[in-house]
Amino acid sequence: MLSKVGMWDFDIFLFDRLTNGNSLVTLLCHLFNTHGLIHHFKLDMVTLHRFLVMVQEDYHSQNPYHNAVHAADVTQAMHCYLKEPKLASFLTPLDIMLGLLAAAAHDVDHPGVNQPFLIKTNHHLANLYQNMSVLENHHWRSTIGMLRESRLLAHLPTEMTQDIEQQLGSLILATDINRQNEFLTRLKAHLHNKDLRLEDVHDRHFMLQIALKCADICNPCRIWEMSKQWSERVCEEFYRQGDLEQKFELEISPLCNQQKDSIPSIQIGFMTYIVEPLFREWARFTGNSTLSENMLSHLAHNKAQWKSLLPKQHRSSSGGSGGGSPDHTDHGTENEEQTVTEDVAP
């Protein structure tokens, strides 16, 4: 299977079964090797393996969605994006290592609930990070803690390790879905002005942020059989949060009510307002590469599949706009977009 790791139809669920639940460790060891990172950064293989086991074990296997298999899936997508001709020729070994590490650790120790839940339950992480990118800050700081504890990069100059830690933070923090419009607007402006200079370290870093954002939400762009599994998993995680909120007599968060919010309506809203706009711009950046066209084709097919599975009473109202969750249909698209932005995306 590892010989096909650069293929978009790579089956991460099968790979996880074949590796006995060690998909993240196995994948990263292979990719670090094939990209020449072990040799370039003079990494110790045993230490690398120990660090990756720490990362993998810090994911919660009981989460239906935010678990180590999701991290492996995002890492495999990131590997595919790093090979895009428009990007690959400019990337340094440091860029590649940062991209793969950020993908692998971007959701580490995810509690299986979203930021609004942590804030309204007065969770210690919400207090620690003052309600700002709470989860993403935690994923980043946890990653830094494991990097330092493992001493994976201890032989590198201090200045370099500090730079790696900061860049990892900037990449992981970019996955905060509340910053979606900020990144999309910047990307559109760059593409419109044709002023991306990938020789420049800052522009390269920005495109690594975009690549990670794409990898994080690429499930709807996978083949239907895999895309459907991910959709069911993320909605199961939402519904579990809704059940928790009901148990604690809190208001049930948007899209977390199993009685009102169907999987098809949640997915159609997510695809329409979050996924499509980002992947259209990514395709523009890649010059409509084979992979980009393939992803957009899967996206259109998967959206049509979910539309055909919509509960009958919502099918007519979804129309061409893609619809949204049933209890938001009378609030207009702007409100719906905001709800989807804050609550649907992982």
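Just so you know, glycine gets a Cβ as well, placed from its N, Cα and C.
Annotations in TrEMBL come from automatic prediction, not curation.
Marked as active site, proton donor by TrEMBL: His66.
The AMP binding site feature in TrEMBL is assigned to His66, Asn67, Ala68, Val69, His70, Asp107, Asp216, Gln267.
Residues or ranges marked as Zn(2+) 2 binding site in TrEMBL: Asp107. Its Cβ placed at the centre, Asp107 (AMP binding site) has 26 other Cβ atoms within 10 Å.
The feature domain 'PDEase' is assigned by TrEMBL to 1-313.
Rounded to a whole number, the C-alpha distance linking Asp107 (AMP binding site) with His66 (active site, proton donor) is 7 angstrom. Just so you know, of the binding-site residues Asn67, Gln267, the Cβ with the fewest other Cβ atoms around it within 10 Å is the one at Asn67. Every protein chain considered, the tally of other Cβ atoms within 10 Å of the Cβ of Val69 (AMP binding site) stands at 23.
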